[in-house]
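Colleague: Dumping the structure here so I can ask a few things about it.
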Amino acid sequence: MSVREKMLEILEGIDIRFKEPLHSYSYTKVGGEADYLVFPRNRFELARVVKFANQENIPWMVLGNASNIIVRDGGIRGFVILCDKLNNVSVDGYTIEAEAGANLIETTRIALRHSLTGFEFACGIPGSVGGAVFMNAGAYGGEIAHILQSCKVLTKDGEIETLSAKDLAFGYRHSAIQESGAVVLSVKFALAPGTHQVIKQEMDRLTHLRELKQPLEYPSCGSVFKRPVGHFAGQLISEAGLKGYRIGGVEVSEKHAGFMINVADGTAKDYEDLIQSVIEKVKEHSGITLEREVRILGESK
């Protein structure tokens, strides 16, 4: 029995797509094929896929909703798991529990509907709840670490564990999940009671700021670089004269130099080449070495 036949038998009922192009699913609109793209409907299907992959020695990874990543043009071998169907969100008092695939922006809107404060900072951050925990996503002075109460994960060995914020060892755009290989299943956020109108006004203010400053009209991978201590990446790039700098179909945004946008059918290689070139030119200009925030995954073509 071939691996494909065994997969279809053991993982019957699970949505699996073979040799699926990933550019359709990424915010950058680039990326080659996944050998097996999987859409589990619940944590049990996810656990079945991970168990099968481990037993068959097939590599696997979870992409969240592919908002802060670049998939290389050669694609990704093995299983790529998208969790956007694991998207239930519930509210219990001042606590919101969200599955990993829940949309982060929509989760902040649910907090607003229940007049819960603390989540406003994330009202414009694209991505999934699971991805936000993985990266300790943040903006405008807030971050996931400030509101996370606990997190349920599937370990790389297929066990389910509940972790505290302390267990996750949050840092700037970092969590322990990045090293552990675990997969976020669901998250509990501890919020506080607030006034609906006040929360809405703050979310509207932050959304307006984001629309003014960020090139939301183009495909992009979000913030490309981490914030250097004492500096802003976008400012350093701008001071090096790199706004509008372009390689292939990808360019440094004129609107916000911390973003790289796909303006003309760019490729993952265009992104990688532009990122490396910007790092080198900023280093030459300011002496500061920028560090990538965006993850680059897969194989070159």
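Glycine residues also receive a Cβ, built from the backbone N, Cα and C atoms like all the rest.
Taken from Swiss-Prot, the feature domain 'FAD-binding PCMH-type' covers 30-194, and the record attributes it to sequence analysis. What Swiss-Prot records for Arg173, Glu293 is active site, and it gives sequence analysis as the kind of evidence. Residues or ranges marked as active site, proton donor by Swiss-Prot on the basis of sequence analysis: Ser223.
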Colleague: List every residue in the same chain as Ser223 (active site, proton donor), at least 6 positions away in sequence, whose Cβ is under 8 Å from its Cβ.
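Modeller: Non-local contacts for Ser223 (active site, proton donor): Asn68, Ala233, Gly258, Phe259, Glu293, Val294.
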Colleague: Which of the three DSSP states, helix, strand or coil, fits Glu293 (active site)?
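Modeller: In the DSSP reduction, Glu293 (active site) maps to coil.
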Colleague: Any same-chain residues 6+ apart from Arg173 (active site) with CB under 8 Å of its CB? Would you list them in sequence order, or say none?
Modeller: Met135, Asn136, Ala137, Gly138, Lys226, Glu293
Colleague: Which value does the mean pLDDT take for the domain 'FAD-binding PCMH-type' (30-194) in this predicted structure?
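Modeller: PLDDT averaged over the stretch: 95.
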